[in-house]
């Protein structure tokens, strides 16, 4: 299984809402990342399953550019991939697991769907909350989490990790039925 977390490379974006995919992968494994031309990767073990963690380095809106390289490098097909990314239409504290679907207005996912030519891509969307009234969407997603929001996010990462374990052990349908209705709070 290859888990692709979406985000933007570089310290400027490290703790922004849009980098939830990268932050989740760092939660799973913080040290020992290796670099390739279009991505960084690492391996970790979840409940006895070895998984590969991948961060595309092409910036969010061009995430799809890295996908053919990732798939070739790890010798996987689209069925072996789960994409993890931020979602402004979900409350902070919620995740949504899907087997397939549209990009939902997310440019990183749009790029991946275009590059792979299919919407049948497994995904975990992590809620970052709706932008405040009157705030520009770009400013919101490129803004950093508050201290309180980051506490919630750590619990969301634990929930997302458990969802991944369920996907590995019992399948994505089971994970969807268990985790799509849950919400964490601090």
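Just so you know, glycine gets a Cβ as well, placed from its N, Cα and C.
Since this is a predicted model, take the numbers as computed values, not measurements.
In sequence order, 16, 18, 19, 22, 59, 60 are the residues near residue 8 (site 'Discriminates between blocked and unblocked aminoacyl-tRNA'), counting only same-chain partners six or more apart with C-beta under 8 A. Residues or ranges marked as site 'Discriminates between blocked and unblocked aminoacyl-tRNA' by Swiss-Prot: 8.
Sequence annotations record features per position, and here Swiss-Prot assigns tRNA binding site to 13, 59, 61, 107. Residue density at residue 59 (tRNA binding site): 18 other Cβ atoms are found within 10 A of its Cβ, drawing on all protein chains shown. Following the DSSP three-state reduction, the secondary structure of residue 59 (tRNA binding site) is coil.
What Swiss-Prot records for 18 is active site, proton acceptor, and it gives sequence analysis as the kind of evidence. Other Cβ atoms within 10 Å of the Cβ of residue 18 (active site, proton acceptor), summed over all protein chains shown, number 23. In the three-state DSSP classification, residue 18 (active site, proton acceptor) falls within a helix.
Non-local neighbourhood of residue 86 (site 'Stabilizes the basic form of H active site to accept a proton'): 6, 17, 18, 19, 20, 21, 106, 125, 126, 127, 128, 141, each in the same chain, at least six residues away, with C-beta under 8 Å from its C-beta. Secondary structure from DSSP puts residue 86 (site 'Stabilizes the basic form of H active site to accept a proton') in a beta strand. The site 'Stabilizes the basic form of H active site to accept a proton' feature in Swiss-Prot is assigned to 86.
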In whole Å, the longest Cα-Cα distance within the recorded tRNA binders 13, 59, 61, 107 is 16
Within the same chain, the residues at least 6 apart in sequence whose Cβ is under 8 angstroms from that of residue 61 (tRNA binding site) are 107, 108, 111
Counting only residues outside 13, 59, 61, 107 in the same chain, those with C-beta within 8 angstroms of the tRNA site's C-beta centroid are 8, 18, 60, 62, 63, 108
